[in-house]
Amino acid sequence: MRRGERRDAGGPRPESPVPAGKASLEEPPDVPSAGRAIGPGAGRRSTESEVYDDGTNTFFWRAHTLTVLFILTCTLGYVTLLEETPQDTAYNTKRGIVASILVFLCFGVTQAKDGPFSRPHPAYWRFWLCVSVVYELFLIFILFQTVQDGRQFLKYVDPKLGVPLPERHYGGNCLIYDPDNETDPFHNVWDKLDGFVPAHFLGWYLKTLMIRDWWMCMIISVMFEFLEYSLEHQLPNFSECWWDHWIMDVLVCNGLGIYCGMKTLEWLSLKTYKWQGLWNIPTYKGKMKRIAFQFTPYSWVRFEWKPASSLRRWLAVCGIILVFLLAELNTFYLKFVLWMPPEHYLVLLRLVFFVNVGGVAMREIYDFMDDPKPHKKLGPQAWLVAAITATELLIVVKYDPHTLTLSLPFYISQCWTLGSVLVLTWTVWRFFLRDITLRYKETRRQKQQSKDDQGSAVGNGDQHPLGLDEDLLEPGVAEGEGPPTPN
């Protein structure tokens, strides 16, 4: 959960001192007193875990804005006054750009708004928010260059870049058991067991922790394999054997990663979130356990996407799936158009970047969908992730329009058209025709019930005097015994 200022602008900053008796991290709107659990009566949603915090505020959580400003000023003063400036223009340009980025990161880490996560420290997530801004500005710069200049500009990052990639052959022999190879008939399988297998597993494990829904993860996993089938005429590395698509990727790597991720989510949802200050724990074992748990969430929110509950949530879930697939495709297309080898460290850094910002973006999207009253606008990290994905796509379109305009094979275009029509038809039926039909049936039922009520009222009106007289008469008269004999 966010801290107090997420729903109350006047709440304390996470890194600032918190008044005694207040929990300092990711509190709900009604901040409980120290030593008290956050329960449903305190404004906690039904999908949120219960949190107990003793409110300890240590040096680790206090604001250090003046300290950072002093260290930054001393560093710049040293470079300016005591260090001789080299006469190399290219070197000075690189160092000036790096210094500008570092100063911006220092400002963002100390002054940027906190996000929904606070572990291991709110400054960690503010750092990645600022990195998102820097990366988006870098993509905008690349977008406004010519194709040749953009590719050659990457030589300033790594002199090995800016060179066309060598031709590689993918797919090839797809036999699981190759009888022609007597020494190793399963050589095709062993060739696929490279470093990308654990990368696939780890990637889908982390994606499951971001999305927190088994169905959405499986849909994205299967749809990406269909995209690889559909686009293998554009990028050769999409050409894989059938068993590599469905056995190695979907079942083994992706499926096992999703399974382990769901088990981790189950443990996190059942975990007791009880936090104590490190110096309040008497045993060394407890202190070590507390340090390890510092790298786990402060609290937990179970995502219930419910895509069929409303048109807004359905469109949001479809948009999330689309952005996930587009970000996956951008990984391959950017390498292709910018001439980056798959094993280059920039490719790995981009994946690490999306791992860190993806979880925050998904939480902000879910809060925006599920709790719109306090979250009236989309969070900054989610906004930046969407902008980065769109900018990457524009770079691919500009740098190699010929590849993207290669027409799909006829049978593939037919399959995608059929799938799109089915999804659109289901959307219209579920959120428009079905509601109209249900409203019409409900109106007819109410009218019929009204007629039945009127008919029963008329029938009761015809028999009412007799029944009333019988009730008012004395027992003897009501039973037909005649009037009572006067005394």
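Backbone N, Cα and C atoms are what each Cβ position is placed from, and that goes for glycine too.
Unlike curated entries, TrEMBL annotations are predicted automatically.
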The annotated transmembrane segment range in TrEMBL, which must be one of 93-112, 233-252, 253-272: 93-112
Tertiary contacts of the transmembrane segment (345-362), as residues 6+ beyond its ends and Cβ separation under 8 Å: 115-117, 125, 128-129, 131-132, 135, 157-158, 203, 206-207, 209-212, 303, 320, 327, 331, 334-335, 379, 381-382, 384-385
Cβ contacts under 8 Å made by the transmembrane segment (382-399) with residues that lie 6+ beyond its boundaries: 129, 132-133, 135-136, 139-140, 142-143, 147, 150-151, 323, 326-327, 330, 333-334, 337-338, 354, 357-358, 360-362, 364-365, 368
